[in-house]
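As structure tokens, the structure follows; a few thoughts come after it.
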Amino acid sequence: MKNLVLFLFVFVVGVWVTEGQQPTEGPSEVTKGQLPTEGPSEGTEELTDEPSDNEDGNSTTGESLAAWTTKRTCRVKCFKTKSYKQSRRTWCGFLRRCTKYSLKYTRYSTTCTRCCKGWTGVPGRCRDVNECRGKPCAWNARCINTAGSYRCVCDRGYTMGRRECVDVNECRRDPCGKYGKCSNTIGSYKCYCRRGFQWNGRTCIDINECRRRRVCGRYARCYNTPGSYYCKCYSTGYKMIGQTCVDINECLRNPCPSGATCHNFPGSYRCACKPGYYFANNTCVDYNECKYKGRCDHICVNTPGSFYCLCRKGFELFKKRYCVDINESSNNISVNSGIFQVFHSQNTPHT
């Protein structure tokens, strides 16, 4: 009888131990930094019910991070083994719960837990692993630690390729503007402005050369143009030689009429008539000195460019202009009598 009781006790304990054993393989880990895909697949199950409270009495929520999908469901790989019996809520005999930082698998009365990927410590006291300390990102990227994972952010001038940060060709968006040439560099670019333009930090802008002092020299005015400038003499009496206005000697082309003398001066010229003439209507006109009284005492005779005085009979010329009585009384004037004295005088014309 005792042997029978001992046999039954050993049998029951053996069955209980067999049922309490954990599988030789663990559940598959969720890829770090990624959430599992939605929908069940072969060898997996999906629980859409909210997870139950954990053993400590704390309510489990979506803070389980890597263990939860976007639909608040938890995934774990089950193992198709004949020793596992199906239960009401699971397909392969495990009742799975997601705690805050760890995955918990329960088969009947036996519970096994582990920290989720990206967390470390003992179950129930899992803490986030700072993966950035190991410098997992490339040299041209910076690491940002996240709860249970990390991410790499490319430096300025780079963009994320398939596996690493690759250079961005900024020249494709024409950052240098219409008057600049872009040269792409590793992680950046350079702008080379055309001659007459300068970089203002954003684009190539025109240089106003006319703001410089004495760009065009004397007698000239500066006119700014995109990328350049030009000088123009402000008077027609000058011509541009290089960047300087030089006086034109107009007298070389004989601009004055016959009988006039040309006088050149800066920026222009002047025609001067000979004594006894004045300039009018681009010609020299004789100045009629006799139209003004007082030129002669008796008679004034105008000549081209000059005049002369005559005295009546009985008078003689004094100082080429005045008539003096010679004690002869005669009121008749005869040009052919030969008694007239003539004075020829040249006067400077009035202008």
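Quick reminder: no glycine exception, Cβ is built from N, Cα and C everywhere.
TrEMBL: automatically predicted annotations, no manual curation.
What TrEMBL records for this protein:
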type     : residues      : note
COMPBIAS : 43-56         : compositional bias 'Acidic residues'
DISULFID : CYS290-CYS300 : disulfide bond
DOMAIN   : 128-166       : domain 'EGF-like'
DOMAIN   : 167-205       : domain 'EGF-like'
DOMAIN   : 206-246       : domain 'EGF-like'
DOMAIN   : 247-285       : domain 'EGF-like'
DOMAIN   : 286-324       : domain 'EGF-like'
REGION   : 21-64         : region 'Disordered'
SIGNAL   : 1-20          : signal peptide
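DSSP assigns CYS300 (disulfide bond) to a strand segment in the three-state reduction. In the three-state DSSP reading, CYS290 (disulfide bond) counts as helix.
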